[in-house]
Amino acid sequence: MAGGMAFVELVKDGATGLEKLVLREAHGCSVEVYLYGGQVIFWENEYREQLLFVSRKASFKPPKAIRGGIQICFPQFGNHGVLEQHGFARNRLWSVDETPPPFPATTSNCHIDLIFKQSPEDLKIWPHSFEFRLRVALSPTGDLMLTSRIKNTNADGKPFKFGFSYNTYFSVSDISEVRVEGLETLDYLDNLQRGERCTEQGDAVVFETEADKVYLSAPPKIVIIDHDKKRTFELRKEGLPDVVVWNPWDRKAKTILDFGEEEYKCMLCVGAAYVEKPITLRPGEEWQGRQEISVVPSSYSSGQWDPEIIHRIQDI
């Protein structure tokens, strides 16, 4: 599970009573993954800065989903289906996968493997058998990688359809100073307008009011630029055509019980997803979707780097 100076350990969180896996790289970067929901909750850089947002009002008591980190939305995203909001994977108990199948080679030897299978109760609300394997990996440079593999194990020969999303809550300094690049000119579904299909008009996505959108056929890489922190998140994805973007703004924030009234200012939810056209798996077939996030301490935008940053990188 780990090599070199990296390590992985399973511990019980004293504050919540929930079990979690802690991954730590040699340079001090770390990730905490809860077995409840298979959910990444904390991701820290070498300076012990928390890169993901977790609400101070988040509930860590099942069956409530944990508000923050990276939620695994399966087998549906949002209300795009007949199940509860965002499906049930995010509020079920996962297990450590002791015998994971081979994964594509990565640069990381610090990782954990989890597995989630349907329970008899799950079969009553979604009558399909599956194996959901999740690998969470931390690279030597602190990049965070999540790879999901979902297999249809139905014995009755029936295919099934599902939606998916990595709902990733980024910690930002001031939402009004944040911009997302890579989504310009794309069509999106506006969930505030009953899923109406619109086209992004700006040269970047900026935030002045509530946003709840699904950008369709997005490129494999987008960037989230936090001007105040001079920090850029670079999100890369494979097998996931769409990108979800959400911020509740002030009015909606006041109606969310597990979310602080002012917390909309310091978070932005962006994630790779499969929403518009559900994935269909026949028995025995497997789907794979991957999201990787890197952090760049710069004012990167539109594919250009500040000269000062280039010199700094070259000096390392």
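Using N, Cα and C of the backbone, Cβ positions are placed for all residues, glycine too.
What TrEMBL records for this protein:
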type	residues	note
BINDING	Arg67, Gln85, Arg90	substrate binding site
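Long-range Cβ neighbours of Arg67 (substrate binding site) (same chain, at least 6 residues apart, Cβ-Cβ under 8 Å): Val54, Ser55, Lys57, Ala58, Ser59, Tyr169, Ile256, Asp258, Phe259.
Less than 8 angstroms from the CB of Arg90 (substrate binding site) sit Gly37, Gly38, Gln39, Ala65, Ile66, Gln71, Ile72, Cys73, Phe74, each of them six or more residues away in the same chain. Counting every protein chain shown, the Cβ of Gln85 (substrate binding site) has 13 other Cβ atoms within 10 Å.
Of all residue pairs in Arg67, Gln85, Arg90, the annotated binders of substrate, the farthest apart have Cα atoms separated by 13 Å.
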